[in-house]
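Asker: Take this structure first; my questions come after.
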């Protein structure tokens, strides 16, 4: 999970006064002062790992140019030379076969995003501020301090009045149960999948790979088994269920599907990303555990990936890179988003006061790994040169922070909370339009966990902003602690698919969000 970085002056369950603010100590670190050379090496490791391919491509290009400049007499002389020189023929043939074999074996298969869908809950599940707070009061589980804390969190959260909570939370008192949680999972997953299959005209029987991720709800049989049962998927399907991996698990699921598509030819992969709220609502008075109640809302997505060459003509995007960063070896990072019981024995997800600093460290590692893969050479040289000068000659010299706007046309920053979006906008020197999709997704749908990056992409599509060859950067944070990135390239001018989440409200956005 990744929350919004909201700080409190009272972290316990007492009834003292409550204040809500963004503390400087919990902001993302200033990248200008904290870039570490060892992180840059990770990115260049990716380049060196593909050095053979990078060297082989220019050689082919040079050979092609040379051949194109030969006339018929040159070709005849070459043939006469080879005709009477068996050694030359064998050597040339061996080099050709070896080169083609290496190229074919090392060349990754392209992975195409044919289409995706985002679940749009029914209107009766909307939870305006007033109703949310009144229901919290009527449950009788929260003291006055906790109720006031929730009110202030909501006011500063960036959420609007039309986000959704599950049916069980609309009852007074709430009725969380295994059956209700299953019902929420079915409505979200099947709702997204029905739309996906309808829009793509792909039969469920054609799906060869299924990956479902949901962090906090992992029943038996699994969520992936529920999908298999509902759509009667084929018996040899390779299905996976990812649990406990937080808000960045959507990118992890895409990465897993990508790797499987490299092995299994001519097939489709479906990735379903969601979170389940029904059984994970917190009914206690620990302030650090109450924040998820205020931010997390119902949502989910379904993505259809393909490695079929003929799908390129109808696909929306091609997957370019996935970069994953895991800070779980550090104890503070491991425990900064932690599911546990409070002193009263009530289960919730607690947020450490170090969350923003840990998220910043994970982000720093991730983007300096990603940078050499996506940034123009000019930006890389400026960055690397100033970093070396700082290390060797003058500690007061600020490193040059590359302009990621030169590498990406659109940004889908996980809508975990307002503070995270604000800090990323500042540290990456982005413009308001670059974070608009994230802010508006948070406002309209709340934090939908791992699926939020797809609501954001749907927003950009609905605005008609994606053009052929545009690059999109999806970046998400999650418990563990993880920061993961996916880079996509548009294969055409992309229009929104039918029954999209913004279909009837895109003209109302962007809206001004009060500070």
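One-based numbering along the chain as shown.
Every residue, even glycine, has its Cβ placed from backbone N, Cα and C.
These came from TrEMBL, pasted as-is:
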- 247: active site (ACT_SITE)
- 326: active site (ACT_SITE)
- 410: active site (ACT_SITE)
- 414: active site (ACT_SITE)
- 443: active site (ACT_SITE)
- 447: active site (ACT_SITE)
- 103-392: domain 'FAE' (DOMAIN)
- 409-489: domain 'Beta-ketoacyl-[acyl-carrier-protein] synthase III C-terminal' (DOMAIN)
- 44-65: transmembrane segment (TRANSMEM)
- 86-105: transmembrane segment (TRANSMEM)
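Explain the structural surroundings of these features, please.
Answerer: Around the Cβ of residue 247 (active site), the number of neighbouring Cβ atoms within 10 Å comes to 30.
Listed in sequence order, 434, 437, 457, 460, 465, 466, 470, 471, 472, 473 are the same-chain residues six or more apart from residue 410 (active site) with CB atoms under 8 A from its CB.
Cβ contacts within 10 Å of residue 414 (active site), excluding its own Cβ and spanning all protein chains shown: 32.
The Cβ of residue 443 (active site) has 158, 159, 160, 511, 513 as same-chain neighbours under 8 Å, each 6 or more residues away in sequence.
Here the domain 'Beta-ketoacyl-[acyl-carrier-protein] synthase III C-terminal' (409-489) is broken down by DSSP into helix, strand and coil counts: 37 helix, 21 strand, 23 coil.
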Asker: Return only the integer: C-alpha distance in Å from residue 447 (active site) to residue 414 (active site).
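Answerer: Approximately 8 Å lies between the Cα of residue 447 (active site) and that of residue 414 (active site).
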Asker: How many whole Å apart are the CA atoms of residue 326 (active site) and residue 414 (active site)?
Answerer: 17
Asker: Residue 414 (active site) to residue 247 (active site): how many Å between their Cα atoms?
Answerer: 8
Asker: Suppose you look only at the domain 'FAE' (103-392); what would the mean pLDDT be?
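Answerer: Result for the domain 'FAE' (103-392): average pLDDT 93.
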